[in-house]
Each structure stands twice: as structure tokens, then as C-alpha cells.
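Visitor: TrEMBL lists 42-293 with the feature domain 'G-protein coupled receptors family 1 profile'. Annotation comment: TrEMBL describes 24-50, 62-88, 100-121, 142-164, 197-223, 235-256, 276-295 as transmembrane segment.
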Amino acid sequence: WEFNGSFYQPSFFLMMGIPGLEALHPWISIPFCALYLTALLGNCVILFIIRKTQSLHEPMYYFLSMLAVTDLGLALCTLPTTLGLFWFNVRRIGFDACLTQMYFIHILSFIESSVLLAMAFDRFIAISHPLRHPSILTKTTVLKIGLAIVLRGMVSLLPIPFLLKRLTYCGKTELSHSFCFHPDIMNLACADIKVNVFYGMIILLSTVGMDFIFIVLSYILIIRTVVSLTTKEECLKALNTCVSHICAVLVFFIPMVGLSMIHRFGKNVPPLVNTLVAYTYLIIPPALNPVIYSIKSTHIREALLRALRWKRG
């Protein structure tokens, strides 16, 4: 412990695996390894295909590249501590290292939310104004959107580590997960955390909350446009371009909202449920997104098959 008058700060935190199943951690690590491997290889393949295929140099696939980079970042943020705990029972993480991991996990989560919103906007423009789509979403515009997304995440979350460092911690150092999460660290403090709670909720609602609302509004407008199409085939073709994105939105937002609610209001929720929701939130989307887009996107699938045939040849 670091001591300075009445101010206490732990030098490290203790991470937690899956409660009640500690003896099975080496076996449990097998599906986790499979998910991490899928996330790393899948997103790298998506990035490689988009870069090498000239026909995929369009706004939709630029945003998909941003999503893949974000998913890679999320997987790499939690992989060392999660597998380190499961394989070698390494539970300690330094206080500053924990805050750093927490900061990047939250930044990448906010970036993913914003990228999903940008993809919804892209689908709305492509379906509602197909002729104006290339002139509205130029390469420069996409780049500016990407920079704005990153800056919004970095700036809005910058105060969080400092708000945690000012708190006094006493006694408990055990986290609920094998990674660092803002509400989890905050709840270990024995000081007044009202500022942390208020700021966290405001930032969550004004970023991820607003992103989700605008995504829903985009799809309401998309459905209105699709309904006005003359033939059933045109309707199905237009909606089919949105299926992958809708799956990615659901896979990301449902566990994220669930985890936030559990940490803030679910004091009586069993620890195992809390743990499973947390892992679902941080590991499943990076692993599933490349699979979803590879299966549902005809252009990605065809480019992947061409690349495989070229390798064999």
C-alpha cells in the first residue's frame, strides 16, 4: 500500500477468473483461446481482404476496417491478463497498469459504438440516396469521421483514470473479472464515488446511449425507404445489405447494456452471471463480427474465396 496521511492507494489489484470454477481454469482456457484466435485471425483476414481488393475500397468497407481494427484492439487488451490468469494463475495487476487497461478497453468500446453508428449512417445514405452516396461519403469524409470517432472516445474518457486515482482505497483489492473495468475499480474505493458514478453515467448516455438511439432512428428511416420500394425483390435486396450490421449491433449492445446495469444496480446478481456477461461483452463481438461479415457479405466472401484459390494456385 502507498500511504500519504489519510490517503491510501493499493499498489496492485487482484483479478478474478470464473468464480467457483478456479480448478477448471486450464480447461476453460481452451474455448477462450479459440475465441481469441478467431478474433485475431478473422479481423486480420478482413483487413487484408479489404486492402487487397480494389472493388472493396468503398465507405461501407472502410467502416468495416475500422470495426476490425477496434475489435483487434479489444481482443489484445484483455488477452494477456485473461490467459495469464487461466494458464499461470497470475492474478496481480499493478494499479497504474490496471487504469491503463481500463482506459483502453473503454475507449475501444466507445469507438466500436461510434463505428456501428457510422455504418448505420452509411447504410441509410446508400439505400435512401444511392445516387448521392459516393459524393456524400468520400474518402476524405470517411477519414474525418474516423478521426472524430477516435478523438471523441479519447477526450470523453480522459478524466476517468484521474477520477479513480484521487479516491482512497481500503482493504479490498479483488476485482470481479480478469480485466479492469471502471465500475469494478470504483466500487473498491471507500471514499465518496458520486462524482465517478455521475460522470460515468453522463458519458455512457451521451456517447453509447446516443449512438444506439441514432442507430435505431437510422433503421426506422431505412425501413420507411424500403417499404416505398416497388417490388418485393428490391425490398429484400436492400434489407439484405443491413443484416450483417444489425447482427453486429445486437452482439455489441445487448451484453454492454447488461454489464453496465449489473455493475450499477445488480448487487444481488450471482457473480457467475456477472462474469459471463462481462466475457460475452468483451470477447464475443471481436470473434463473431468477422464471421458474420464473412458469411453474410457476398463481396467479402467472394474476395476471401479468390484469395484462397490464389494461395492454392
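We count from 1, first residue shown onward.
Just so it is clear, glycine is given a Cβ too, placed from its N, Cα and C backbone atoms.
Mind running through what each feature is packed against?
Guide: Long-range neighbours of the transmembrane segment (276-295) within the same chain, counting only residues 6 or more positions beyond its ends whose Cβ lies under 8 Å from a Cβ of the stretch, are 32, 35-36, 38-39, 42-43, 45-46, 64, 67-68, 71-72, 74-75, 78, 82, 105, 112, 176-177, 179, 181, 244, 247-248, 251-252, 255-256, 258-259, 262, 301, 304.
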Visitor: Considering only the recorded stretches 24-50, 100-121, 142-164, 197-223, 235-256, state which has the highest number of Cβ pairs under 8 Å to the transmembrane segment (62-88).
Guide: 24-50
Visitor: Please work out the mean pLDDT for the residues of the domain 'G-protein coupled receptors family 1 profile' (42-293).
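Guide: Average per-residue pLDDT within the domain 'G-protein coupled receptors family 1 profile' (42-293): 91.
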Visitor: With the transmembrane segment (197-223) as the reference, which stretch in 24-50, 100-121, 142-164 has the largest tally of C-beta pairs below 8 Å?
Guide: 100-121
Visitor: Hey, would you say the transmembrane segment (100-121) packs against the transmembrane segment (142-164), going by three or more CB pairs under 8 A that are 6+ residues apart?
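Guide: Contact confirmed: at least 3 Cβ pairs fall under 8 Å.
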